[in-house]
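Notes to accompany the following structure.
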Amino acid sequence: MELLRANLPRVRIPEPTNRIYKHECCISFDTPCIFQKSEGGLYIDMNTFLAFGKDCVGWNFEKTGNPVYLHIRQTRKLVCEDRPLKKPTLLAIGVDGGFDNNEPEYEETRNIAILPDYVRLAVDAILMAEGAERKEQVASWTADKKHISEYALNLQQLGNGVFIHPSGWKCAKCDKTENLWLNLTDGMILCGRSNWDGSGGNNHAIEHFKETGYPVAVKLGTITADLDAAGNANGIVFWTDDRRTEDKQNLLIVLSKIGALLLSDVFSYPEDESVLDPLLAQHLAFFGIDFSSLRKTEMTTAERELDQNTNFDWNRIQESGQEMEPLFGPGYTGLVNLGNSCYLAATMQVVFSTRSFCSRSVYHSSIFCMIYYMTQSLKKAFEAAPADPTVDLNTQLAKLAHGLLSGKYSVPAPEKEDTTNVANATPIAKQEGIPPRMFKGVIAASHPEFSTMRQQDALEFFLHFIDQVERVNAGKPEFDPSTSFKFGIEERLLCPSGKVAYNRRHDCILSLSIPLHLAINKGELEAFHKSKGERDTQGKEVSADEIVRPRVRLVDCLRSFVAEEEVHDFYSTELKAKVTATKTAGLISFPDYLVLHMRKFVMEAGWVPKKLDVYIDVPDTIDISDMCSKGIQPGEELLPEPAAEDMAEPKLLADDDIVSQLVSMGFNNLHCQKAAINTSNAGVEEAMNWLLSHMDDADIDAPISQEAQSVDQSKVDTLVSFGFQEDVARKALKASGGDIEKATDWIFNPTNVSSSSDMDVSSSTTSIADSPLPDGGGAYRLMGIVSHMGTSTQCGHYVAHINKDGQWVIFNDEKVRVSKNPPKDMGYLYVFERLNS
């Protein structure tokens, strides 16, 4: 009893606001399941509600002194393989009513060392609460929740005698017969919005709303009276005013009223989102449409999005159709796809194949600094972590490294039909992998896009990751493993006066354009296009095996980086005017790991994004020593420093050409001017990207101020603390609308630095290029490839190929196998390791 009384003050009953972890250890990938990964189950600290595996719970006791834990152990249930699958009723994965993610079922046992009544209340509260891991997963995977629209409930329909025939639909303003929307006020059938690639509609439905104000429309072809299509009522999540209705009887009543209309695509234009119309059957009957006779013929917008996210072109990048030997053990652990997280998995597999990220273990002034994988490093990481290690980047990186590199979780999985007897289970050639949920939560905390389950650009994620690691190590660059990717670039600008200016900056990727005009198979291309033209006239198709793609050498891509180019609107401090200068670039240091980014995504005429269908001839080794910058040469004269009047920030006016091109695309003139100004007239593409991401700004329609834009001094001070000069920081903030992250990107973006009309380049260099960088010889070997499948970085799939232990290995989410034919000519990112010189 004395021990009990002493420990009671440390036991807490969780509040609704507490984050409770009970599905995964906070500092390892152990789970309650006793098979393979965590034979001891999971221990939940009943004071902090953090979970720990058997090997880690002792560390928590040493650190916190908390003695009372809820011990959960799970064993897998035998599951019949031919059980019927329920049809989904919610656009979500792994939640009730959503798509089945085929997760196994478990039997659970719970124990606790001290169990008085007070502790029992705490135990019950923990067990009943939804785990923080589960909440985050559901929040990320559940599609936008539809609510009942007030516009639908209060809809006024016009008695204009319109009668809608059950078939033969066509847009009233063009010849479109697909993607048709029925306006529920006046019965007009009009086409939907136009997509980037010209597909979709001609925007007639949205234009009709702007003209009339009639608010609600339903997509024809998505309406169904087939209750089987809606699935079983059990588990449906019905949303009203953002409140979840879980009572089954209420759900059945709701379902009986609206039938399977949950699957219909109803859109509210004033709210600019998909909504629910519980009176849809009544609204359709107003125009003579018999709801009971309708059958679903088109995918809803949400279904189409999900279909795009679950169907990939497997082709050569995944080496599909080949028998590949599975690999297990240290360094061969797969990462479970959390739902379009392949960009993260492919990138991190490459990162943790570098020496700087997998073997660093250092201390600085008795403070732990970036330990990722080494003997006992996981414990040291936890000891140095804050009270909640789930939100600490250092700890989660150490956890991820341990999971990937220790080999603890890279073991063959048992056969499904033998899960009742784990001890006698026969290993098969696959592994389960580890889910990087906590790492994704930490790294995405400062980036709203990466916190979603949408597909992302692997390049953007890599840059964001390097930035976050650098921030954690601010002030101690000698302990920053991200510096192994960094190098210096020097740009030389030649003014027509004959004088020159030099500008230096740091970068961690070398972004290369692809000179298609230098393709080495021009003869084959010409013959193919001629043959294809002849077949097109005959109505014959070209098979995939016959397609000839341009093939460009990597060396030509590298040469394009150092080639001369013209810089327009360069302000010459010698001539006191804007002139056309000549720019060349070179490297002032060679990194330990060189990351090459191939610019495969370009804009076609009409500013339609396109992915180049091209092969890059990439050798196993390269030598870029000739790309070294020579610096100022004897006899060269530097441009004079800008005078005080030159340094004054001018009032930036929108470029008329940029504005006119954007207006011709259908954008508002005022919005186009703001886009041009906020991107410093960098170009149409930059302005359009800014415009598309700021359409919903509250002040988007506010008049443009004629005064110089004021800049928040606190934000200037923040950028200065990062090492940037104050005048550069002020201009960057002005060009990026006051956004610190965008301002940082603006400073590092070579296009903005060299061609912006109000960014004068002088002979002085900024302090961002003064910190030490790794350097050595320019000879490298290819050690990693991140390849992308799909038409856009926002969709498709990423796969990594890595040269490990003398052989190429494919990392395709949780699948890790020997690669027989690595797609060296199809990479999006190439990672080269410097050879010892």
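Note that Cβ sites are derived from N, Cα and C of the backbone, with glycine treated the same way.
Lifted from TrEMBL, the feature list:
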type     : residues                       : note
ACT_SITE : Cys342                         : active site, nucleophile
ACT_SITE : His797                         : active site, proton acceptor
BINDING  : Cys171, Cys174, Cys191, His204 : Zn(2+) binding site
DOMAIN   : 143-255                        : domain 'UBP-type'
DOMAIN   : 333-835                        : domain 'USP'
DOMAIN   : 653-694                        : domain 'UBA'
DOMAIN   : 710-750                        : domain 'UBA'
Spatial separation of the residue listed as 'active site, nucleophile' from Cys174 (Zn(2+) binding site) - C-alpha basis, Å = 41
Lowest 10 Å Cβ neighbour count of the binding-site residues Cys171, Cys174, Cys191 is held by Cys174
Taking the Cβ of Cys342 (active site, nucleophile) as the reference point, list residues of the same chain whose Cβ is under 8 angstroms away and which are at least six residues distant in sequence.
-> Gln455, His797, Tyr798, Val799, Asp813
To what whole number does the mean pLDDT across the domain 'USP' (333-835) round?
-> 79
Tell me which residues of the chain lie with their Cβ under 8 angstroms from that of His204 (Zn(2+) binding site), as long as they are six or more apart in sequence?
-> Cys171, Ala172, Lys173, Cys174, Lys176, Leu190, Cys191
Inside 10 Å of the Cβ of His797 (active site, proton acceptor), count up the other Cβ atoms and send me the figure.
-> 23
Under DSSP, the domain 'UBA' (653-694) has how many residues in helix, strand and coil?
-> 29 helix, 0 strand, 13 coil
